[in-house]
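Heads up, the thing below is written out as structure tokens.
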């Protein structure tokens with residue numbers, strides 16, 4: 001069961017370290033890095049949540065989402081993505097699994113679709129292609145060759161639908177694989193726990 005899960009993670013995230021090879025030392029280094037990220041991602045979020053609250057000029061009663069808000073994230077993947085806290089937590093989780101390129105690509109596509117200027121549309125399309133699509137891209141996503149070829153043709157005359165097919169595939173990949181693992185993670189379970197009320201000792 002564990003080996004099947006590991007293979008699923010590898011498939012979902014695509015090729016993480018293209019130049020490191022498969023030597024024992026490379027694998028050991030990769031596993032050590034993953035353990036470190038898994039250990040530290042909660043710490044990163046503990047700093048990120050208050051920063052987000054300050055940026056939004058809000059006055060939350062807590063520096064993290066309420067258990068009720070966190071529980072909403074399990075109802076649908078869209079609920080998670082629509083929450084600023086949920087998105088931050090999910091991005092940190094994907095980083096711990098070396099899959100952050102998936103959510104970064106999805107967010108880049110969301111921004112791209114809102115672009116009105118033809119000039120900006122063209123420049124953004126080229127950047128998304130060089131960052132996520134082309135072979136050996138720094139944040140290359142795991143999509144098929146046919147889709148990559150279609151995108152390369154589409155960005156010659158960029159429209160808001162250039163990356164629709166790829167974005168849908170990445171969304172499905174996250175929804176069906178990374179999202180369920182996120183909901184099972186210790187950090188998410190902790191966010192859903194309601195704080196226990198302190199009880200005062202009875203006077204004798």
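Glycine is no exception: its Cβ is also placed from the backbone N, Cα and C atoms.
Note that TrEMBL annotation is computational and uncurated.
Remember, predicted model here, so these are calculated numbers, not experimental data.
Taken straight from TrEMBL:
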- 76-192: domain 'RGS' (DOMAIN)
- 7-33: region 'Disordered' (REGION)
Under DSSP, the domain 'RGS' (76-192) has how many residues in helix, strand and coil?
90 helix, 0 strand, 27 coil
Taking only the residues in the domain 'RGS' (76-192), give me the average pLDDT of this model.
94
